[in-house]
Ligand code: AMP
Ligand code: MG
């Protein structure tokens with residue numbers, strides 16, 4: 001099942017980068033969060049993990065594709081000042097540990113990884129700052145969300161390491177690493193951790209956390225009556241009450257599945273939920289391209305559809321955000337039109353109340 005597509009090489013490099021980043025974030029959780037050596041509410045471990053994972057991924061991408069710009073969630077200005085010294089040192093150490101870890105099957109030293117691939121502190125900060133590209137409609141660009149779902153990460157629940165390649169506003173490659181997602185939802189004894197990857201036109205696949213043993217993904221057919229909605233855990237990120245009303249309109253009985261991060265897109269591809277619904281909670285918030293680009297190509301390649309509430313494709317070519325927020329609806333082909341119709345009905349109801 002080798003991927004012989006135009007972007008097969010890019011996919012291979014990104015899976016290697018995401019694999020290393022997942023090991024890094026898992027070790028941050030084990031060492032700094034699980035043991036609760038922290039004052040409650042201190043978010044610094046997630047910040048350290050976030051920066052270090054972005055540095056790692058950005059370093060590998062820049063080393064391998066030096067001309068490609070990067071749209072990354074983080075920037076390093078806070079780390080360059082004196083008060084950021086301690087954090088900076090921890091980030092540099094973590095990023096270097098991950099960069100210099102032994103090569104795994106399929107890895108290549110030419111990607112700037114493996115024993116001896118240390119970077120200086122300045123190189124690590126530059127790697128983080130390289131994520132400052134403004135986005136736009138033309139050419140190649142990478143998106144990096146080093147820890148998507150930071151709230152889930154802190155709770156020990158779902159989070160995802162997410163990378164995509166966008167070419168002329170179309171997502172061509174999307175990779176989502178989910179260290180805490182069950183390998184097989186029907187058999188918890190198999191443990192957790194999987195990498196999901198898609199290349200446009202070449203299918204979607206689930207790999208082990210080591211980046212091996214690909215299994216094709218295809219969204220199972222669902223009946224509307226049994227539809228389970230996937231939604232954010234955080235009510236501030238997507239409207240739970242809107243989703244409740246949509247399920248009423250559809251006559252759906254099943255409880256919603258709440259999950260942090262782009263793990264929702266991966267779960268949809270495996271049939272753990274039948275539709276992912278994300279409607280705005282506040283006027284003015286614009287969805288970020290790094291929060292949806294990997295998920296969009298994954299779902300489409302698994303046979304699904306991703307649109308906004310108008311039924312229009314997400315536009316990855318207008319900058320770092322998707323533009324005006326009309327929500328995000330991802331579902332299998334069979335149910336997507338019905339979900340859109342009920343979303344629009346609920347929108348009309350809400351409008352009539354004003
Ligand atoms: P989730 O895990 O589905 O709750 O989504 C996590 C993502 O929500 C983060 O990566 C943020 O970029 C994004 N986010 C932050 N604030 C908002 C908001 N007000 N509306 C929608 N998404 C948000
Ligand atoms: Mg995110």
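Each residue, glycine too, has its Cβ placed from N, Cα and C.
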Per TrEMBL, member of 244, 291, 308 binding Mg(2+) alongside 73, 145, 147, 148: 291
Chain-mates of 73, 145, 147, 148, 291 with C-beta within 8 Å of site centroid, Mg(2+): 144, 146, 149, 150, 160, 162, 261, 262, 288, 290
Largest tally of Cβ atoms lying within 10 Å of a Cβ, found at which of the binding-site residues 73, 148, 291: 148
Those binding-site residues in 73, 147, 148, 291 whose CB falls under 6 A of ligand 1, listed in sequence order: 148, 291
